[in-house]
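A.B. asks: Could you have a look at this structure, given as structure tokens, before my questions?
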Ligand SMILES: [Cu+2]
């Protein structure tokens, strides 16, 4: 912990001397402008593997840019957003949230969006990873039974939300049209043992929370920002029970956390863990260590990772806590393996506590003095 400490004047003169001599060590980040456009040559082509939440496509190991062909279908269907509660969801790929897309920084993405013939609405896609008008929204607007194709360069690494941007935009998003695209940095992300896709969002139904049957969209509740459901990965209970994500003690877990909204910012927290690293707002740098709760705004994302040390049931929540326990924003990370009492014992005893007269008096007098102070 102890370090040799130069007096401030000596430190300043040393820095000055180094600058004059031109030997001041520049960090690599200072040598390259992160805003420079990176346009490497394109070699070959690949068809992107897309996954449904909570799965994430495998890390990209190639060291060159390619033509990445992404085929994403817009499918209007019916899904359960809570046990016994059905809803007409509009999806990117058949489920809410939409498919996870993983490309590499510098890739040329050849994007195919098919609006399936049995859709009733026109749709499009605005990918926040796109540099260009509307994030691709204008280029991809198609009626049912049509496919739109566009190309874009994945210029900026980071984790980005995509969503439908067809009028009325709020309704298309509220009906399930959002997902995540990761533009992996060309040098890759630090290796972890598990990666998962978690996306929070809201549903605004005419029926109250838990009312069974097919539910209709309630525009007024959406305008009032008062959802009946706040959920992870498309529905209440989708990340619990058999939908829980898993890890073993000692493993490092990375969560790609997105928020489709359409309205509420998430106070994302994992009960019983801290995030060792947070890539704030899903940018490319670790902005903080040892974080309890991170904010994920609608239309935004965060990347967090942490090592799980001991077995347990870790609950993912929006820590605006009524959303978790009353509106559905709960997920489970199940960690099974060897206990480590050096880190966490679990309950060791339960003892009786009996009220005593002196305890009662102490409480009374402290309350009394507290009153007198005011
Ligand atoms: Cu749409």
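Glycine is no exception: its Cβ is also placed from the backbone N, Cα and C atoms.
Note: TrEMBL annotation is automatic and uncurated.
Not my notes, these are from TrEMBL:
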type     : residues                          : note
BINDING  : 123, 128, 163, 164, 172, 177, 319 : Cu cation binding site
COMPBIAS : 356-368                           : compositional bias 'Low complexity'
DOMAIN   : 83-187                            : domain 'Plastocyanin-like'
DOMAIN   : 232-316                           : domain 'Plastocyanin-like'
REGION   : 341-374                           : region 'Disordered'
SIGNAL   : 1-30                              : signal peptide
A.B. asks: Count the residues of the domain 'Plastocyanin-like' (232-316) that DSSP assigns to helix (H, G, I), to strand (E, B) and to coil, and report the three numbers in that order.
C.D. replies: 6 helix, 46 strand, 33 coil
A.B. asks: These are the binding-site residues: 164, 177. Which one scores highest on other Cβ atoms within 10 Å?
C.D. replies: 177
A.B. asks: Among 128, 163, 319, please name the binding-site residues whose Cβ is nearer than 6 Å to ligand 1.
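C.D. replies: None, by Cβ distance under 6 Å.
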A.B. asks: Long-range neighbours only, meaning 6 or more apart in sequence with Cβ under 8 Å: which ones does residue 163 (Cu cation binding site) have?
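C.D. replies: Correct list: 125, 126, 172, 173, 177, 178, 179, 260, 299.
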A.B. asks: Count the residues of the domain 'Plastocyanin-like' (83-187) that DSSP assigns to helix (H, G, I), to strand (E, B) and to coil, and report the three numbers in that order.
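C.D. replies: DSSP composition of the domain 'Plastocyanin-like' (83-187): 14 helix, 46 strand, 45 coil.
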A.B. asks: At a 10 A cut-off on CB-CB distances, which of the binding-site residues 123, 128, 172, 319 has the highest count?
C.D. replies: 123
A.B. asks: What does DSSP assign residue 319 (Cu cation binding site), in three states?
C.D. replies: coil
